[in-house]
Amino acid sequence: MLSNQFQNGIETAKLAWAPLPNTEDGEGDEVVGVSRKNDGDRVESLDYEVVENHAYREEQAQRGKLYVGYYVGVKWLFALLIGVGTGLAAVFINISVENFAGWKFSLTFSVIQKSYVAGFLLYILINLVLVFSSAFIITNFAPAAAGSGIPEIKGYLNGVDTHGILLFRTLIGKIFGSIGSVGGGLALGKEGPLVHTGACIASLLGQGGSTKYHLSSRWLQFFNSDRDRRDLVTCGCAAGVAAAFRAPVGGVLFALEEVTSWWRSQLMWRVFFTSAIVAVVVRTAMGWCKSGKCGHFGSGGFIIWDISGGQEDYSFEELLPMAVIGVIGGLLGALFNQLTRYITYWRRNYLHKKGNRFKIIEVCLISVITSVISFGLPLFRKCSPCPEADPNFPIECPRPPGMYGNYVNFFCGKDKEYNDLATIFFNTQDDAIRNLFSAKTIHEYSAQSLLTFLVMFYTLAVVTFGTAVPAGQFVPGIMIGSTYGRLVGMFVVSFYKKLNIEEGTYALLGAASFLGGSMRMTVSLCVIMVEITNNLKLLPLIMLVLLISKAVGDAFNEGLYEEQARLRGIPLLESRPKYEMRKMQAKEACRNQKVVYFPRVIKVADVVSSLKSNNHNGFPVIDHTRSGETLVIGLVLRSHLLVLLQSKVDFQHSPLPCDTGGGSLPIRHNLSEFVKPASSKGISIHDIHLGPDDLEMYIDLAPFVNRSPYIVPDDMSLTKGLYGPSEEMIPFAQVYNLFRQLGLRHIFVVPRASRVIGMITRKDLLIEETDDPATVELQSTSVRSLSCLTHFCLPNFLTKIGYITEDMARGMERQRPHYSMVFWLNNIPPVDDVV
C-alpha cells in the first residue's frame, strides 16, 4: 500500500502531458501511474486554460466595454439563480425527509401501543421501502449520484472531469435518492449530497439546462468554457454547504479550503453573494413552515442546534479533557478513514462488479440490520425516571406518544419514565444530535447507553458509507463525535463537582474533533460549528480540538475525501507536491517520451490515424520559416480536431497554407462549436465517418492552435525546496504549482532559451491612461531602450528573424496593446527536441 502511494506521488507530475485513464467495463491497464476507474467511466482533464486561437482573438477584438459589463452582470445573475435553486432543493429535501420520518415514527408509535412486534415489522418495512427506492433510482437511473459526491466535485475543481457527475439525471437521482436513504434511517446524512446538488444546479444553469431531456433555454447558454463553469460550480458547492448547515460563511470557507484549487477575489464576492441568497431562501421557507403548512417539518430538518443557553465559561482545568477529546477524534477519524477505504475497495472491486442486483440487495440488507438495531437495542435498556422539572428550562418528560425528541417513552412500564437509548436510536438524526447537544440535561444518558450507541453507530456508519445510495458523512460524524464527547463530559462533571459544566458543550467539541480527524478541515469546519450552534464563546475550544484532531489524524492517513478520490481513480493534484519530487526536473516528468506533433497543413488521413493510435489530448503544431527552420507555432486540442473532422468545412484540396495569398485566415466556426457539454464524453473519433475523398484532403491548423501555450525549460525543477531545522521541506514549487494553480492541462518542455530580447518588471505592467480614452500605454522602464522593438517595430523584427509569418505580424499590429506584454521570446528548437 505504501509503495503504491509512493509511486503515485512520483507519477502525479507526469500528468502534464500523459493522457488520463480510459478504460471500459473496469478493464485495462493503468496509465502513467494513475489509478484506473473501476466502474469504467472515462476520467479526463478539463481545459481551464484559455485557448487563444485566431477565432478567440477575433471574437475578443469585436467586444467592447459594454459586453464586458454585460458578461459580469450575467455572472452575478447566475450566482443569484444558483443560490435560489440550491436553497429550494434543500428545502424540498428537508421537508420530504422530515415528513417521511414523521409519518414513520407516528405510525410506529401508534402501532406499538397495541403490539411491539407489529410496530417492529412496520418500522422495518417502511425503512426498507424508502431505502429500496433510493437504491433503485441510483442503480438504474443515476449511478453517478451514489456517495457524497464531494470527491468528484473536488476533482472537477482540481481539473479532472468524471463522466456523469454534473448531468441532469444525476441531480434528480441525488435529490430523490437522498430523501429515500436519509428518510429510511440509514447511518448517513444529506449534507454531502447537498454539496453535489448545488454543483449540479450550477453546471446545468451554466450550460442552459439539459438538451437530452428537452429542458434547455438558449437564453441561459452563455458560459461555454470550462473556466466559466468552474466558477459556477464553486458557487454551487458553497451554496450546498450553506443550505445544509444554514452556515453561509462556512459555505464560502468550505469552498475555499476544501474543494477548490484556484481562487481569486472576484470569485469570493460571487460565492459570498450566493451563500447569502441561500440563507435568505432557507430562512424564508422555515418561517413559512412554522405555521404548520409543511406537515411534520416543524422546527426540525435543517441543522441548527442552539446551545447559547448552555455553558457560559470554562476553566483552565477543563483544557486537558478537551485536548483528550481532540486526540480521540483524531484516532477515531483516522480509523474511520482506513476502515471505509478497505471496505470501499472490496465493495467496488468484488461486490459491485456482480451487477446492480447485488448493489440493491446489499443496501436493503444494511437497512434491515440498521432498523433491527435502532428498534431492538432500546428494548433491552431499563427505563429511567424523569428528572424533576426545571422552571427555567422546561423540557417535557416524557414526550407524548407519537412525538420524538428528548425523553422518549419507549417500552417503559410507567408514565413518568423514559428510555435514554431510544432517545438517540429511535429518532431522526437531527433530533438525536439536538438531544446530545442539549444543555440542562445532566445525567439524561447513562454511560452504558452512550457507549452502546457509539460502538453500534460507528460500525453502521463504516459499513453504510460507500453503498449505492447518496451518502453524506457530516451528520454521522457529528453523531459519533457528540456521543464520545458527552461521555468525556460526564466524566468531567463527576470529577470537577464544583464547576458549572455542561455535558452538551463536550458533545459539541467531540463532534468537531471527529469531523476534524476524519475530513481534516479546520477553518471552514470551525465556522460551521459556530454558526450551527449559535455560541461564539466556544470558538477557542473548537479551534483547539480541531487543531489537535487534525494533527493526530494526519499522522496516520489522508482525509476522507482524498482517500475516496484515490479509490475512485481521480488523480488529484494536492496543494503540496510529494516529497520525492524535490530532485526531479521537468524533463524527467516527461519520461523522454516522443511527442506526437502535426505540421501546420496536414492530411486528413494522417489526423485520423494519429487520433486513433493514441489518447493524447493536445498536439504541438509546427511550421517552417523561409530559411527552413522548424518552429512550434502552438498547441491544438484533440476536441478541436474532432470538431473540424466532423464539420468538414475546413477541408481543402491544396497542401499549402490557406493564407499564402496574403489574405486573413478564414474562420468558419464560432467558439461555441468547440465546447464540450459538462460532464460528458463529447465526440469520439469512432463517431466520425469520413469517405475516401475526405481522407485525401488537407486541413490548415493555424487558425485553431493556441499560439501562447505555457513553456518551461527542461531543467526546471518540479519542486524547489528549502530545508529548516527539522529537515522539513518548504516547497516553492515551480512546474507543479504552475500546473496546479493555473489549472493547466498541458505544458511544453523545451531546452533552455538562447537569447532574451526584453524583460518586463512590475512597473511595466501598470497601465497608464492618457487623455485619449482609446489610447493605453504600458509604463516600460526596464526595456525603455527597446521601446521601438517592443512596440511598433516588434512585428517587423520578428518577421525578419523568421519567428512569425507576415500574417501574424499584421495581427500583432491590430492588437498593439496586447503583444507588448510578451515577457520572453525563446529560440524554440526543432520539434524533435521538444519533450
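Placement of Cβ uses the backbone N, Cα and C atoms for every residue, glycine included.
TrEMBL lists 76-97, 117-138, 232-255, 267-286, 319-340, 360-380, 450-468, 474-496, 508-532, 538-556 with the feature transmembrane segment. Marked as domain 'CBS' by TrEMBL: 718-776.
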For the transmembrane segment (319-340): best-contacting stretch of 76-97, 117-138, 267-286, 508-532, 538-556, by Cβ pairs under 8 Å:
538-556
Might you confirm whether the transmembrane segment (360-380) is in contact with the transmembrane segment (117-138), defined here as three or more C-beta pairs under 8 A between residues 6 or more apart in sequence?
yes
Other than its close neighbours in sequence, what residues sit by the transmembrane segment (232-255), given a CB gap under 8 Å and a spacing of at least six beyond its ends?
78-79, 82-83, 86-87, 89-90, 153, 156-157, 166, 190-191, 194-203, 205-206, 223, 267-268, 270-272, 274-279, 281-283, 302-304, 472, 474, 521, 523-525, 527-528, 531-532
So which of 267-286, 360-380, 450-468, 474-496, 538-556 is most in touch with the transmembrane segment (508-532), counting Cβ pairs under 8 Å?
538-556
Any chance the transmembrane segment (474-496) and the transmembrane segment (450-468) are in contact, meaning at least three CB pairs closer than 8 A with a sequence separation of 6+?
yes
Please compute the mean pLDDT of the model over the domain 'CBS' (718-776).
63
Taking a Cβ cut-off under 8 Å, which residues six or more beyond the ends of the transmembrane segment (360-380) line up next to it in the same chain?
116, 120, 123-124, 127-128, 131-132, 134-136, 139, 184-187, 347, 351, 410-411, 419, 421-422, 425-426, 452, 456, 460, 463-464, 467-469
